[in-house]
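Beneath this line is the structure, given in structure tokens, with notes to follow.
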Amino acid sequence: MAGWRGSRGGGERAVEHISSSRSIRLGKVQPQAPGHRTVFCNDREANALARFKGNSVSTTKYDVITFLPKGLFEQFRRVANLYFLMISILSCTPVSPVSPVTNVLPLALVLLVSLIKEAWEDWKRFQNDMAINNSTVEVLQDQKWVFTPWKKLQVGDIVKVNQDGFFPADLLFLASTNPDGVCYIETANLDGETNLKIRKALEKTWDYLTPEKVSEFKGELQCEQPNNSLYTFTGNLIISKQTLPLSPNQLLLRGCSLRNTDYIVGAVIFTGHETKVMMNSMKIPSKRSTLEKKLDKLILTLFTVLFCMCLLGAIGSGIFINRKYYYLRFDKSEKQFDPDNRVVVGILTFFTLITLYSPIIPISLYVSVEMIKFIQSTQFINNDLRMYHAESNTPALARTSNLNEELGQVEYIFSDKTGTLTRNLMEFFKCSIGGEIYGTGVSEIEMGTAQRSGVKVEAQKQSNVAREKGFNFDDARLMRGAWRNEPNSDSCKEFFRCLAICHTVLPEGEETPEKIRYQAASPDEAALVTAAKSFGFFFYKRSPTTISVRESHVEKMGKVQDVQYEILNVLEFNSTRKRQSVVCRYPDGRLVLYCKGADTVIYERLADQGNELKSVTREHLEQFGASGLRTLCLAYRNLSPDLYESWNDKYIQAKSALNDREKKLDEVAELIEKDLILIGATAIEDKLQEGVPACIETLARAGIKIWVLTGDKMETAINIAYACKLINNNMKQFIISCETDAIREVEDKGDPVELARFMKETVKNELKKCQEEAQQYLHSVSRPKLALVIDGKCLMYALDPSLRVTLLNVSLNCSAVVCCRVSPLQKAQVTSLVRKGANRITLSIGDGANDVSMIQAAHVGVGISGQEGMQAVMASDFAIAQFRFLTELLLVHGRWSYLRICKVVTYFFYKNLTFTLTQFWFTFQTGYSGQRFYDDWFQSLYNVIFTALPVIIIGLFDKDVNASLSKKYPELYKEGIRNVFFKWRVVATWAFFAIYQSLVLYHLVVASSSRAVNSAGKMFGVWDVSTMAFTCVVITVNLRLLMMCNNITRWHHISVGGSILAWFIFVFIYSGFVLPKAQENIYFVIYVLMSTFYFYFTLLLVPVAALFGDFVYLGVQRWFFPYDYQIVQEIHRHEADNSRIGLLEIGNNDLTPDEARSYAIMQLPGQKSKHTGFAFDSPGYESFFASQAGVYVPQKAWDVARRASMKPSWSKTPRKN
């Protein structure tokens, strides 16, 4: 990488620096296609001219015609498969010394397995598509409802959907059985949210319910072109020459279901793949792990080695071919042995040797790695009880198996705050009304702040009154009508009415305070309406035009009255406006606009009067923020009828616009949302999730740096960061904020160009100052940890191409970074900045739709299945229910997966290099002619059968330390961050021993066989020697695998023993029959060999000699240069492995815990401990099976007795608890 960077290894933190000349590209928003479509409702002939798409959907990748070509194309996109194809073609030519079956058969098997897997997955998709396409819906035909398959629907058709039915396409909502043309829908299939949403038909279409009446409906619909925006829709409906504006309120999306409504009638607008849900079902960006990319480099390196070996052989062949070797009968009849044309000889020999040495690149590597990763995901991660959340009944879910080992190398975590670090269970906690603070509780953050300051704070004792969910407020001054006695009682009344009226909440159930349920778009909304109910303003009924509130104690204490407010306009909340307004008419005719929103937005729109209240409330907001509470400001404005009427005309006009409707509506809203009168502010507590501080502390010890990206205010974000131990008082903090006096002065001048210039300059100076200070701190003796806090406005300028690298340099040297007030796009840009700019492995974790871009931008995306729907989960690579499960996911499963995959890849590299080099040494004794040393079938089955299973077993079951020790010593994780186990130095070490072993295996066997004779007194031939050498190779590489295992289970014994046994069974059968000419030389070879003492002597001596160097190296390395995990192994070598990672047992729920435990014990296999050799060593069985089965096995008498008998040998070692 350009620039300079300190070492990443060791215990000291390195100074990070990225070259300023480096350009880093970040993501941007894609523009939408222009234009609109015209649909004629209930008129198929008119719509036929437009040729709209049908309603049949297909999610399959292939069809019958494209399966083979497209499937093969997918397979040959891998460089390795392309290489094997080339080798297979070469093996079919005359230059090949081996039979075509040697290379064609393994390739065909690999392709067959991959294509069968693809076909099976696609078949399941096809069956799912067929089930959906053949679902039926009632369609209007000849003045009656006729059941028709979804796939036959056309744009413009009129359909009837019954209660609990799904909408078959995107529909224009015309009429409903509910009064006032209202229906309730559930959007769980779209965004995972189960709360009901209200949709309202246009008043002009309410009557179109019966088939006879609907047949008369002939409307013309002009709307936007199909797009993937789920929450926007613009269009006009022209009926009887009258143009009516359409909004998302009249759109029913495919995939949603109808609730609490007998049936609805709708007109089809978008069908099939043009529906919004199908346009959103794009594939998650294809991600490949960093280790897999390095594997490609290793394959290219092997190819280079292969090229050099073949080139050396080709040059040797050209030199060796000489007429002086007359007895070899070189002549011109074969161009490969023509002494007069040495160049052609060299070229042909080059291609001959490529086919001969082709096993150096293992064809089964990718298949084995994919199989291992798949089992790791489905069996280990998905079934880990330690990542199972009982309250929500949610296990962990690996949505892809490509990135398992990436979890073991993560250096940067980007986390959302709300719902990720916190519970997203909002509780109304405090409020400020008319300049007075109400609420006596102490928040979690306040307790944490007090602890840091050394002040002892006791939480206020809660009264015995049962609290409702969402309401954790206690202050006698406001409860049970006591607010009437407050000096600001009028402000209190407006405050409560604003809470009860300004929202989009839907009430469900009986109209009583105890039994009613609120369906809200967000937990905040539900908490505010619940608070209004608790204060005596009970919202119990909503229609499209009215809200009914049961008000208590308004006119006098104890009096309850039902008041109906007419809702004239709802100016909805969005991420740009950051506020929501409602225009309502009181029963007495008073017109009021109620508005609630972010403090920054509301304060900009307040009237000039009441400055004292503004400043006092701002102080209260800062106080709430310091307590980690989420704040909203409430305001209102009295409207005159004339002002409202003139504004409403503009609003209706903007609502009817086909182009830029959202923008025009926002502009019109600005005209009325001004001169507001401040009422007060609300403060809602979102408690931290269980175990978050401990998790963050553990991850920090593991060398992982955590960045929090949130839309909250800076004070709230900083205090949450303190509460979850992301930031502490020992850290040096850099704060870059736009809330400074200098920036406010420029803001007041109202020149946006000057403001942008000034802010960019300020941010630039702040970043340079932070960078200089960071260098001083990092080179000081104390070397304190650093933290950076930056807000969204400053971040916008800091992400400018000219400042991006400076921001990156400052950030990389910080242990924690908090970005406040950031947009979803900025979250993705910050993630991309570190991923692309610093080239570090990143993980993003979030729970909401606003986290999707961040999740997809990181190397690994983790979704939290929480309160904000499932969009984050659907876009993620892994899904968990709680933030604290990251410890298990990264430090246990991630680290184990990384360690295992590294071992699998390096072992594959070693065993194939060893095998190929024995053939290479043989070439020197055959005049570089390309004569094969091994039989074709030996070479074909070496990777497929004789060495295949043990490497899969190590990829599944190898475990350096158990799960509890992995979390007890999180520093072990740093080995993955530094990529200790897959460096070129590690590859070079394996290559050295492969060369050493191949020399020993080849030369010892050849040298010892030169004087050996069979039982008939004859010398051994080339096939006798090669069979002996191959036997030694198979035994050596399998035994070498056992030497690299950290724990040995019965499966290791079965796989290694089974592989060696498989070789002997195969060679006995293969040698026992007279085969075609190409293989006739191998006939009876093994029987001849095994009848000699030489065979058994060589079988014992050669593998021992070959592995002796490895044995010495491993001993020296463990004693003098140990890895971190080896030190931990030594510390705990006498301790039983009592960690039990339980596996979820699906289908055994009817067993009691004791029965389940007995059943699990019964299923456990025995195992021999590597350290002691005793079967069933230790009460926990130090094996994968016991630790993974979640079984507690009590100590048995014989086990205790045996352990006591062993005690003297290790009693001097202190026992670790």
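Glycine is no exception: its Cβ is also placed from the backbone N, Cα and C atoms.
What you are looking at is a predicted structure, and each value in this text was computed from that prediction instead of being measured.
For Asp416 (active site, 4-aspartylphosphate intermediate), other Cβ atoms within 10 Å of its Cβ number 29. Positions annotated as active site, 4-aspartylphosphate intermediate by TrEMBL: Asp416.
Listed in sequence order, Asn424, Arg630, Asp686, Thr710, Gly711, Asp712, Asp847, Gly848 are the same-chain residues at least 6 apart in sequence whose CB falls under 8 Å from the CB of Thr418 (Mg(2+) binding site). The feature Mg(2+) binding site is assigned by TrEMBL to Asp416, Thr418, Asp847, Asp851.
Annotation source TrEMBL lists ATP binding site at Asp416, Lys417, Thr418, Glu525, Phe573, Lys596, Arg630, Thr710, Gly711, Asp712, Arg821, Lys827, Asn850, Asp851. In the shown protein chains, 21 other C-beta atoms lie within 10 A of the C-beta of Asn850 (ATP binding site).
In the predicted model, residues of the domain 'P-type ATPase N-terminal' (39-103) average a pLDDT of 82. Under the heading domain 'P-type ATPase N-terminal', TrEMBL lists 39-103.
Residues of the same chain lying 6 or more positions beyond the ends of the transmembrane segment (298-323) and with a Cβ under 8 Å from any Cβ of it are 79-80, 83, 330, 337-339, 342-343, 345-347, 349-350, 353-354, 357-358, 360-361, 905, 909, 913, 920, 923-924, 927-930, 987. Per TrEMBL, the feature transmembrane segment maps to 298-323 (among others).
Sequence-distant neighbours of the transmembrane segment (343-367) (same chain, 6+ residues past either end, Cβ-Cβ under 8 Å): 78, 80-81, 83-84, 87, 90-91, 93, 95-98, 103, 106-107, 110, 113-114, 295, 299, 302-303, 305-306, 309-311, 313-315, 317-318, 321, 335-337, 905, 908-909, 911-913, 915-916, 919-920, 923, 928-930, 932, 939, 942-944, 948. Per TrEMBL, transmembrane segment is recorded for 343-367 (among others).
According to TrEMBL, the transmembrane segment annotation covers 904-922 (among others).
Residues 106, 109, 359, 362-364, 368-369, 371-372, 375-376, 896, 899-901, 903-904, 907-908, 911-912, 915, 969, 972, 1034, 1037-1038, 1041, 1044-1047, 1049, 1051-1052, 1055-1056, 1058-1060, 1062-1063, 1066, 1125-1126, 1128-1129, 1132, 1184, 1187 of the same chain, all 6+ positions outside the transmembrane segment (942-961), place their C-beta atoms under 8 angstroms from a C-beta of that stretch. Taken from TrEMBL, the feature transmembrane segment covers 942-961 (among others).
Counting only same-chain residues 6+ beyond the ends of the transmembrane segment (982-1005), those with a CB under 8 A from a CB of the stretch are 291, 294, 298, 301, 902, 905-907, 909-910, 913-915, 917-918, 920-922, 1025, 1028-1029, 1032-1033, 1036, 1040, 1098, 1101-1102, 1105-1107, 1109-1110, 1113. Sequence annotations record features per position, and here TrEMBL assigns transmembrane segment to 982-1005 (among others).
What TrEMBL records for 1025-1042 (among others) is transmembrane segment. Residues 907, 910-911, 914-915, 918, 933-935, 938, 942, 946-947, 950-951, 954, 997, 1001-1002, 1005-1006, 1009, 1048, 1052, 1056, 1059-1060, 1063, 1067, 1082, 1085-1086, 1089, 1095, 1098-1099, 1102-1103, 1106-1107, 1110 of the same chain lie 6 or more positions beyond the ends of the transmembrane segment (1025-1042) yet place their CB under 8 Å from a CB of it.
Here the transmembrane segment (1054-1073) has Cβ contacts under 8 Å with residues 937, 941, 945-950, 952-953, 1027, 1031, 1034-1035, 1038-1039, 1041-1042, 1082-1087 of the same chain, all six or more residues outside its ends. The transmembrane segment annotation in TrEMBL covers 1054-1073 (among others).
Annotated transmembrane segment per TrEMBL: 1093-1116 (among others), in sequence order.
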Around the Cβ of Asp851 (Mg(2+) binding site), other Cβ atoms within 10 Å, all chains included, total 31
Residue pair Arg821 (ATP binding site), Asp416 (active site, 4-aspartylphosphate intermediate) - Cα distance, angstrom, rounded: 12
Candidates Phe573, Asn850, Asp851 (binding-site residues) - the one closest to Asp416 (active site, 4-aspartylphosphate intermediate) by CA: Asp851
Grab the same-chain neighbours of the transmembrane segment (904-922) for me: Cβ-Cβ under 8 Å, and only residues 6 or more beyond its ends, written as numbers and ranges. 291, 295, 298, 302, 309, 356-357, 359-362, 365, 368-369, 372, 931-934, 942-943, 947, 951, 954-955, 981-982, 986-987, 990-991, 993-995, 997-999, 1001-1003, 1029, 1033, 1036-1037, 1040-1041, 1044
In the domain 'P-type ATPase N-terminal' (39-103), how many residues does DSSP assign to helix, to strand and to coil? 30 helix, 2 strand, 33 coil
Just to verify: the residue among Phe573, Gly711 with the fewest other Cβ atoms within 10 Å, which of the binding-site residues is it? Phe573
Which of Arg630, Arg821 (the binding-site residues) has the most other Cβ atoms within 10 Å? Arg821
Local Cβ density at Asp847 (Mg(2+) binding site) - other Cβ atoms counted within 10 Å: 30
